[in-house]
Amino acid sequence: MASGWDERPPWRLESLRLLPPPPLLLLLLLLRSSAQAAHIKKAEATTTTVGGSEAAEGQFDHYYHEAALGEALEAAAAAGPPGLARLFSIGNSVEGRPLWVLRLTAGLGPPPTPAAVGLDAAGPLLPGRPQVKLVGNMHGDETVSRQVLVYLARELASGYRRGDPRLVRLLNTTDVYLLPSLNPDGFERAREGDCGLGDSGPPGTSGRDNSRGRDLNRSFPDQFSTGEPPSLDEVPEVRALIDWIRRNKFVLSGNLHGGSVVASYPFDDSPEHKTTGIYSKTSDDEVFRYLAKAYASNHPIMRTGEPHCPGDEEETFKDGITNGAHWYDVEGGMQDYNYVWANCFEITLELSCCKYPPASQLRQEWENNRESLITLIEKVHIGIKGFVKDSVTGSGLENATISVAGINHNITTGRFGDFHRLLIPGSYNLTAVSPGYMPLTINNIVVKEGPATEIDFSLQPTVMSVVPDSTEAVTTPGTVAVPNIPPGTPSSHQPIQPKDFHHHHFPDMEIFLRRFANEYPNITRLYSLGKSVESRELYVMEISDNPGVHEPGEPEFKYIGNMHGNEVVGRELLLNLIEYLCKNFGTDPEVTDLVRSTRIHLMPSMNPDGYEKSQEGDSISVVGRNNSNNFDLNRNFPDQFVPITDPTQPETIAVMSWVKAYPFVLSANLHGGSLVVNYPYDDNEQGVATYSKSPDDAVFQQIALSYSKENSQMFQGRPCKDMYLNEYFPHGITNGASWYNVPGGMQDWNYLQTNCFEVTIELGCVKYPFEKELPKYWEQNRRSLIQFMKQVHQGVKGFVLDATDGRGILNATLSVAEINHPVTTYKAGDYWRLLVPGTYKITASARGYNPVTKNVTVRSEGAIQVNFTLVRSSTDANNESKKGKGHSTSTDDTSDPTSKEFEALIKHLSAENGLEGFMLSSSSDLALYRYHSYKDLSEFLRGLVMNYPHITNLTTLGQSVEYRHIWSLEISNKPNISEPEEPKIRFVAGIHGNAPVGTELLLALAEFLCLNYKKNPVVTQLVDRTRIVIVPSLNPDGRERAQEKDCTSKTGHTNARGRDLDTDFTSNASQPETKAIIENLIQKQDFSLSIALDGGSVLVTYPYDKPVQTVENKETLKHLASLYANNHPSMHMGQPSCPNNSDENIPGGVMRGAEWHSHLGSMKDYSVTYGHCPEITVYTSCCYFPSAAQLPALWAENKKSLLSMLVEVHKGVHGLVKDKTGKPISKAVIVLNEGIRVHTKEGGYFHVLLAPGVHNINAIADGYQQQHSQVFVHHDAASSVVIVFDTDNRIFGLPRELVVTVSGATMSALILTACIIWCICSIKSNRHKDGFHRLRQHHDEYEDEIRMMSTGSKKSLLSHEFQDETDTEEETLYSSKH
């Protein structure tokens, strides 16, 4: 519409001669201008009110089909000033139509040049500005939303241009995104005038579904789904929307539909999936009701609650709103996905009874919804907003968690640390948490009606780890000073009792735990074992005077509560216990001594999902007992008598991984429903209720009594008289199976599979007592809880040591005569064995050592310390090998001070928190923000070499099919000089081009090492003593074809010829890439270790990928793989949780390649077989090609593991092979454990990685005698061995002396025989001299003579017939004729 400013004035210049004098003219002009301005203002106001925007008059008389939609959005954007709007597409529909989005917010600036495409065209995010999205036309035949969002776009843009105060304020403070049509294909199939009242056409022709017949609002991942997750390949529209949501931090959203007139809010479905009538409440139910009412109350029809839609005339909605599932159950809906998986609060808005009304009704529909739409957008500013920042640098912390006490729904901060938490008026306690920072809680934040309350969080960095440890101890600073009070000293001090007695739902429990971890950092460490089915953290609070560290000789104890979600007393008691221990440490002697001498782990809730479903006051029901997959966790552990066929649950897997990672000695599993301590076994082979005695039955009775006797009601043995009249437990304890049979129980698994003794404690007859009764439960159990923990210090404890070097022996076995239950040592050789008082015969044994047996008397007060020193069984064999022969010497010491210093460093880095300390001391972390194309990768590597020429060397191993270089970067202090005595490690990635995360991680590793060289002493020493080879991209051609954010596509998986390179490593490799790797990398046979990075899951595989019956050196290969997994924050838990296989369970995160994906021709198989180098494959992420925004997190997850490989390559066995003169022998063959072969390098050096333990070594070299020895490999240091060869004097496999003697005797015998024959011949010759002799006539005499003469001469027979010695012609002739 014209504004009037460009109209030509009605008067002409020629008429100036008719004008009045100047003063009067000026007055007339002023009057005319005022009138004209008033006219314009009136016209604009009329347009806004009636037309809804400055649109052409014809905009309400038709629908926007095909390209017209994009043109209409372009026109809407043009209605505003420059820099206000960006039009972009988030993807395409099945039929290739763009999914247009118009972004409207002030300050966007001009669009980029050249123009960006796709999501990149959206423009930059703006700090502190909340994002709102409105999505229309999800069902193609529900069309009103498609139109009103275009009208809304014009209204906002033109209103901002004309200076409407409300709209200017809105777009100056809000980031608005309008997506008019999510299903453009369906819209084109739909028919105007079809109100959806009946099935008026063939199936699939209504336009509701997409072109593949999929309902988009049933195709999102669902928290209550009962079947397989939807395949996003069938719904590219949903895939595009999910990707868009993940790339942003939307705060508020509306999903616009048709077919009724009502505002619907989450949840849209329930676990029961009842068709209708189930109110499925979210944790933010009040907020959602508030948002829905805000829309409905401004809609003239919706606010009545009586839409009177044809066919549903009687349907009513109070206040015009409804809970989605209460109306009808919708599984796979978009609004629930936004709330559960993103920061976004979304409601669904049904705009009209008729789904596709005639275009003549569009103006009225716009007028009905205009105010509601604008009001809903404004509601993004309610609640609390602010920033979470680093207190040191002031930078914003992305993905920090914001939790509200009492509301079980967290949100996370955006890219700039900004957050917007929607809340209704009230008072709230907010907590901000970010990994690596101390949590911070701000209490009593008042939210009022209107604009959000502004609160900023400034978090202090911390070195506290949130990952369970599994390694040995090192000393750490920061321990708290406590008075040195003897344990038995009486004190007038009364312990401080807990005051926090109420039921803690998950958000409250989370805040409670974080508060105590924050207030008592010197004795606490809060960490998580993983997540429940519904992604709640499985928290554990560690309490120790040295948190995060296993102190050799100190036992570890655990309590686990709330395994059954509706049995809640244990959960609350453990929270009380945390408060009690923290507040009394340093002042109460008993607590102080217990914390100083014990590492305590308290897990308040193993089943947080079940707890949230349980109801206060429950005594006997099973609601909430099971986890969210409806499995009883105490029937889910492997059992000795009964095969457990149920799938192992995430909570079970997490606990099993945890228990195997720590040297737990004693444990209790806290339950409810009775009042008794129950001890193993819990079941028996017959499956009937009868006593099932374990080998340690006496020990279990003793520790069970230690708890029950401190609880007077339990000790009486007659619990729950009102419920179970005949139930009686003498002294409050019982054998589990004697009570009732429980296959798959946790306590039996602890005892049978680990060193841990566990009992199950039933804490009360009421499973979920009322809150007012909680103080009574604490008072009844507090002494029992403390006394039971003290039992960890009963029996025998000590160390098993190596007699040669005094080191502790890992996994040595302690056996007690007549008790068939051995325990094993931890990393420092420390052990604990619970026993009742008495005299025992205890034997310590270890592979490669001679066992030692001692008689031990156990007292009733405290554990007795007994150390065992074992002698290596290989000593005698080595001494035998030295007698007159070559020999081998195993030693762990060196006289070189620098070598000793480096060995000490490796031991330190192998110890607990060693790598964490190293990483904290290194330079500030890297900024990974994008992927490197082949060109960028090449330039990056050249840049490293230019900047660090003294420690880097860049070479090409060959070229790909499309002639791209396969780069190899060596990092070493002498990169161009051979140093055979140094171990050599290679890192390779990108064998599958569609999985480039590994490539980026290796580039980050290279940059990290270069940046820290000569700045960080650890990096400097590792680079100086290691030859590090990095090959970041084995398949550069495939990488160029792959697409970012494509998590499942195989595009780029193969090389340019379509060959999977990981199937081409054979003796007749056909591809140039594999030939280059084989010839220039693997066949050099000088690497000690290889790490290959891939994608598609989160685990480590070890050889072989081909199906084989046995795996040589399996123990070592699995050890290397486990080392990587254990240093990864989640990999070791064995739950990749990949969308395509969410139930996958990988024990320890490690698996043999053939057991995961069996195939022939793999790189790691070839490396082991022909390169004699162990290789493991690390799968770094479920998504093959995640967005670049995830790279920093992936680097953080894998950094420690990658660095641990640089440490590990310096362990195993270092050897030198030489002869007696000291000359090194190269190319000698070293055979380990009769299987693995390596060759000595130049200078006689060899290095091989081996799992900790005793290993056999055979050395073979041409010309030398074979040598045999044994070597003991430590977990934290290399073992050195020197093999001295003696010259091999054997001939035909026999000793030289024997061969010479026999040969001499044989020659003597031959000479003697020849002499005898000569003498005999001479005598006979003399008898026939001087005459003729008669020839023999008789044949037998002739034969006798032949036999005699043939033994001494090989002359012809005729020469012996004539004996005359004359020499006449006649005689000669005569002889010749006979």
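Yeah, the Cβs are placed from backbone N, Cα and C, and that goes for glycine too.
Here the compositional bias 'Basic and acidic residues' (1039-1048) has long-range neighbours at 233, 243, 931, 933-934, 964, 990, 993-996, 999, 1033, 1139-1140, 1182-1188, meaning same-chain residues at least 6 beyond its ends whose C-beta is under 8 angstroms from one of its own. Among the features that Swiss-Prot reports, compositional bias 'Basic and acidic residues' is placed at 1039-1048.
Within 10 Å of the C-beta of Cys1315 (S-palmitoyl cysteine) we count 10 further C-beta atoms, all protein chains included. Summarising the annotation, Swiss-Prot assigns S-palmitoyl cysteine to Cys1315 (among others).
Taken from Swiss-Prot, the feature S-palmitoyl cysteine applies to Cys1319 (among others), supported by similarity to another entry. For the recorded site, Cys1319 (S-palmitoyl cysteine), the DSSP three-state label reads helix. The local packing around Cys1319 (S-palmitoyl cysteine), expressed as other Cβ atoms within 10 Å of its Cβ over all shown chains, amounts to 10.
Cβ-based neighbour count (10 Å, all protein chains) for Cys1321 (S-palmitoyl cysteine) stands at 13. Annotation source Swiss-Prot lists S-palmitoyl cysteine at Cys1321 (among others), citing similarity to another entry.
Residues or ranges marked as signal peptide in Swiss-Prot (evidence: sequence analysis): 1-37.
The feature transmembrane segment is assigned by Swiss-Prot to 1298-1318.
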Composition by DSSP (helix, strand, coil) of residues within the compositional bias 'Basic and acidic residues' (1039-1048):
3 helix, 0 strand, 7 coil
Cα-to-Cα gap, Cys1315 (S-palmitoyl cysteine) vs Cys1321 (S-palmitoyl cysteine), nearest whole Å:
10
